[in-house]
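**Student:** Have a look at this one before I ask anything.
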Amino acid sequence: MTESKGFLRLAWARDHMPVIAEIRKRFQAEKPFKGIKVAMALHVEAKTGIFALLLKEGGAEVKMASCNPLSSDDSVVQSLKEDYGMPVFARKGETSEEYYEYLHRTLDVQPDIIIDDGGDLTKIVHTERKDLAKNILGGNEETTTGVQRLRAMERSGVLLFPMFDVNDANMKHLFDNRYGTGQSTLDGIMNATNLLIAGRTVVVAGYGYCGRGIAMRLKGMGANVIVTEIDPIKANEAIMDGFQVRRMNNAIRDADMVITATGMKDVVKYEDALVAKKNIVLANAGHFNNEVAVSEIEKRSLEVNEVREFVKRYRLENGNTVDIIADGRLVNLAAGQGHPVEIMDLSFALQALTAEYLVKNHDKLERKVYPVPADIDRYVAEIRLKQFGGELDQLNEEQIKYLNSWDEGT
């Protein structure tokens with residue numbers, strides 16, 4: 001029997017996720033999620049599939065939808081359904097109506113735990129499906145955008161159950177956001193455009209860990225990088241890392257390409273597009289499709305044409321043309337395969353262990369946003385370091401004494 005494309009993609013991911021493999025051994029033996037129902041809204045592709053199967057192997061009943069209309073891998077969706085019997089509600093190219101319908105169908109499992117990416121699943125529970133909240137022990141949030149929404153809910157006093165901020169764990173944002181986003185964003189752009197990076201002037205909007213990862217990879221491939229920022233501290237970092245820092249409306253005039261990574265809407269406005277170079281490429285690495293003002297650009301364009309599989313060209317009122325990849329949605333998944341497998345191995349290991357912690361400790365938690373416990377963060381780091389063949393020095397007793405003293409000087 002010939003295995004399907006999706007089955008093979010899942011198998012490939014499984015073979016390259018060694019931290020998950022280590023956790024799987026214990027989960028299969030201990031079944032920490034026995035009797036637990038999990039609703040997930042994540043990018044439905046191979047790495048996510050392995051994470052969902054890990055929870056299932058740990059005893060959970062899992063239902064999954066996509067957290068983005070364009071990010072699903074249909075071959076993986078099919079394999080999860082047919083080969084593994086997992087209820088998955090997703091397809092690449094969902095309409096807005098389908099997207100929200102699938103989130104609701106996932107919540108029909110009446111979850112004990114929700115695992116979200118971007119915050120849409122959490123929002124629905126807090127608005128249209130509040131009846132479910134009383135049975136939810138808590139949940140995890142994967143990404144910066146979703147954490148921002150959770151923090152706003154917490155400040156407003158409307159959060160109905162504890163949520164864990166997986167994004168800000170060290171083994172997530174230092175690796176996933178920087179190395180994962182840096183590589184996968186350029187992979188998506190190059191797949192969509194087949195254009196050369198070397199010699200191009202590229203504006204990177206935002207110099208958080210995602211932005212600096214993108215800028216680092218662009219620099220390594222020979223691009224001339226300009227950074228835009230609203231934070232003077234991050235702007236100084238960008239300058240000392242060797243990049244120019246300018247305002248968007250100024251920088252875009254010299255740019256061949258703009259990549260947004262901010263979590264903020266309208267970073268590239270219609271007015272910016274008017275003064276951009278002809279056929280400038282606009283791509284977004286953030287979660288939502290509003291960092292580039294695609295709706296306004298489309299509404300005010302004289303003509304829109306699909307010029308490549310993932311690229312639309314907009315002719316503006318002044319005759320200028322701009323090329324937008326994947327309707328301004330996150331380019332690494334809409335036009336690529338997402339983060340490297342080994343990066344998501346770390347992120348999903350954190351997710352799995354934090355979900356286990358939630359099951360064991362939910363009765364001690366309040367309606368707050370919590371960090372991933374430090375011992376979980378360190379445990380994942382230690383497993384991966386060992387797999388890399390790395391070794392750590394150990395402090396001796398004299399060094400520990402020195403570390404805890406105050407009276408020993410020069």
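Each residue, glycine too, has its Cβ placed from N, Cα and C.
Found this in Swiss-Prot, in case it helps:
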BINDING   Asp117, Glu142, Lys172, Asp176  substrate binding site
BINDING   143-145, Asn177, 206-211, Glu229, 285-287, Asn332  NAD(+) binding site
**Student:** Neighbours of the substrate site Asp117, Glu142, Lys172, Asp176: Cβ within 8 Å of the Cβ centroid, same chain, sequence order.
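**Tutor:** Here the non-site neighbours turn out to be Thr143, Val166, Asn167, Asn177, Ser347, Gln351.
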**Student:** Counting every protein chain present, what is the number of Cβ atoms, excluding its own, within 10 Å of the Cβ of Gly206 (NAD(+) binding site)?
**Tutor:** 28
**Student:** Residues with Cβ closer than 8 Å to the Cβ of Thr143 (NAD(+) binding site), same chain and 6+ apart in sequence?
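**Tutor:** Thr143 (NAD(+) binding site) has long-range Cβ partners Asp117, Gly118, Asn167, His287.
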**Student:** Determine, to the nearest whole angstrom, how far the Cα atom of Asp176 (substrate binding site) is from the Cα atom of Cys210 (NAD(+) binding site).
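**Tutor:** Per the Cα atoms, Asp176 (substrate binding site) and Cys210 (NAD(+) binding site) stand 8 Å apart.
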**Student:** Going by a 10 angstroms cut-off between Cβ atoms, which of the binding-site residues Gly208, Gly286 has the sparsest surroundings?
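**Tutor:** Ranked by other Cβ atoms within 10 Å, the binding-site residues Gly208, Gly286 bottom out at Gly208.
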**Student:** Who sits close to Asn332 (NAD(+) binding site): which same-chain residues at least 6 apart have their Cβ under 8 Å from its Cβ?
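**Tutor:** Listed in sequence order: Thr181, Ser184, Thr185, Asp187, Gly188, Ala285, Gly338, His339.
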**Student:** How big is the Cα-to-Cα gap, in Å, between Glu142 (substrate binding site) and Glu229 (NAD(+) binding site)?
**Tutor:** 23
**Student:** Which of the binding-site residues Thr145, Gly206, Gly208, Cys210, Glu229 has its Cα closest in space to the Cα of Lys172 (substrate binding site)?
**Tutor:** Cys210
**Student:** Looking at the binding-site residues Asp117, Glu142, Thr145, Lys172, Asp176, which one has the fewest other Cβ atoms within 10 Å of its own Cβ?
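**Tutor:** Lowest Cβ count within 10 Å among the binding-site residues (Asp117, Glu142, Thr145, Lys172, Asp176) is Thr145.
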